[in-house]
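Visitor: Got these off Swiss-Prot a minute ago, pasting:
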REGION    1-181  region 'Large ATPase domain (RuvB-L)'
BINDING   L20, R21, G62, K65, T66, T67, E128, D129, F130, R171, Y181, R218  ATP binding site
BINDING   T66  Mg(2+) binding site
REGION    182-252  region 'Small ATPAse domain (RuvB-S)'
REGION    255-335  region 'Head domain (RuvB-H)'
BINDING   R310, R315  DNA binding site
Amino acid sequence: MSERVISPEPVPDDADEITLRPSTLEAFVGQEPAKNALRIAIAAARKRGEPIDHILFAGPPGLGKTTLAHIIAREMGAAIRTTTGPVLEKTGDMAAIATALQNGDVLFIDEIHRMNPVVEEILYPAMEDFFIDVMIGEGPSARSIKLTLERFTLIGATTRQGLLSSPFRDRFGLLIRLNLYSPEDLEKIVTRSAEILRIPITPKGAAVIASRSRGTPRIANRLLRRVRDYAVVEGDGTITAEIAGAGLALLQIDELGLDDIDRRILSVIAGDFGGGPVGAKTIAISVGEEVRTIEEVYEPYLIQIGFVKRTPQGRETTPAALAHLKLNHSQKTLF
């Protein structure tokens, strides 16, 4: 599923994503509550002459968690070391990284919810008291060595906050939730990215792309690049509202940012099963996808926009979904 045009996860086409990232909070568009909290935390830490407190970013993928981590390090004048939860399999992996950190450094762990629980546990004293205990040797001769660490800031990013243990979450001084962006903020992001990439675009062209980006900057930037290609081939290179609409239609992305598989899922529930309820396994079989893909990739956005409801009996479509699909099926009434 990594090649899906409207996937919020990174795909190979996103090679210039780093170029488009803002480098300051001032340049970062949207997420005002998060930015306000970070401004205060950064200013307070700098006045005290201390590293900023540990921070956990939570929210859907593609909203700027990694970008904000780099901005924090930059505004604190700190070096940043980045890694991901899945690669931290052993305590030795974390010990090697932690002991190399200098005073004030930022350690950013993406997908922190996928970190080995054993590694998570050695972070407890590292986050609170800046030391870790490492076991040397095996069997009866094994012994614990205490390694003192420099004061550092841990920034974690997660799309599944509920998978983190309560003791781990409680050790973060700031827990910041990022939400889907408004069309207005996405329009600003598209316009900014077009300027950086030197893509001619009209305000209405930017608005069309923004409205179909599922509230996610990563998707907005990806669609901008795809529509740029269409504008060069089918137009004069300028992205107008008409060019944007036609280019996205060619990609089978409708006015709400739904693609063909999204619509097939809705059609299965609404058309084949009378509006539901229907189980995820049945939906997955009907559209030729895995259950996990349905639950983690497609379903969240359909729920967020109010097209699908989860019930104890299964998934149901809403009247809004039926109106979008232009279906007249009546939803089942559950007793």
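Using N, Cα and C of the backbone, Cβ positions are placed for all residues, glycine too.
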Visitor: Here are the binding-site residues: R310, R315. Which has the lowest count of other Cβ atoms within 10 Å?
Guide: R310
Visitor: For a quick check of understanding: among the binding-site residues F130, Y181, which residue's Cβ has the most other Cβ atoms within 10 Å?
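Guide: Highest number of other Cβ atoms within 10 Å: Y181.
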Visitor: Please give me the CB contact count at 10 A for L20 (ATP binding site), counting all chains in the structure.
Guide: 20
Visitor: For R310 (DNA binding site), what is the secondary structure state per DSSP, taken as helix, strand or coil?
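Guide: Where R310 (DNA binding site) sits, the three-state DSSP reduction gives strand.
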Visitor: Three states by DSSP: which one describes E128 (ATP binding site)?
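Guide: Where E128 (ATP binding site) sits, the three-state DSSP reduction gives helix.
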Visitor: Taking only the residues the record lists as binding ATP, namely L20, R21, G62, K65, T66, T67, E128, D129, F130, R171, Y181, R218, what is the largest Cα to Cα distance between any two of them, in Å to the nearest whole number?
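Guide: Result: 37 Å between the two most distant Cα atoms.
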Visitor: Test of understanding: give the count of other CB atoms lying within 10 angstroms of the CB of E128 (ATP binding site).
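Guide: Summing over all protein chains shown, E128 (ATP binding site) has 10 other Cβ atoms within 10 Å.
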Visitor: Between the Cα atoms of E128 (ATP binding site) and R315 (DNA binding site), find the distance and write it as a whole number of Å.
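Guide: Taking the Cα atoms only, E128 (ATP binding site) lies 43 Å from R315 (DNA binding site).
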Visitor: Considering Cα atoms only, can you say which of L20, G62, F130 is the nearest neighbour of R315 (DNA binding site) among these binding-site residues?
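Guide: Going through L20, G62, F130 one by one, the closest to R315 (DNA binding site) is G62.
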Visitor: When DSSP is mapped onto helix/strand/coil, what comes out for T66 (ATP binding site)?
Guide: helix
Visitor: Give the residue from the binding-site residues G62, T66 that has the most other Cβ atoms within 10 Å of its Cβ, counting over every protein chain displayed.
Guide: G62
Visitor: Under a three-state reading of DSSP, tell me whether L20 (ATP binding site) is helix, strand or coil.
Guide: helix
Visitor: How many whole Å apart are the CA atoms of G62 (ATP binding site) and R310 (DNA binding site)?
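Guide: On Cα coordinates alone, these residues lie 24 Å apart.
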Visitor: Work out how many Å separate F130 (ATP binding site) and R310 (DNA binding site) at their Cα atoms, rounded off.
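Guide: Cα-Cα distance, F130 (ATP binding site) to R310 (DNA binding site): 43 Å.
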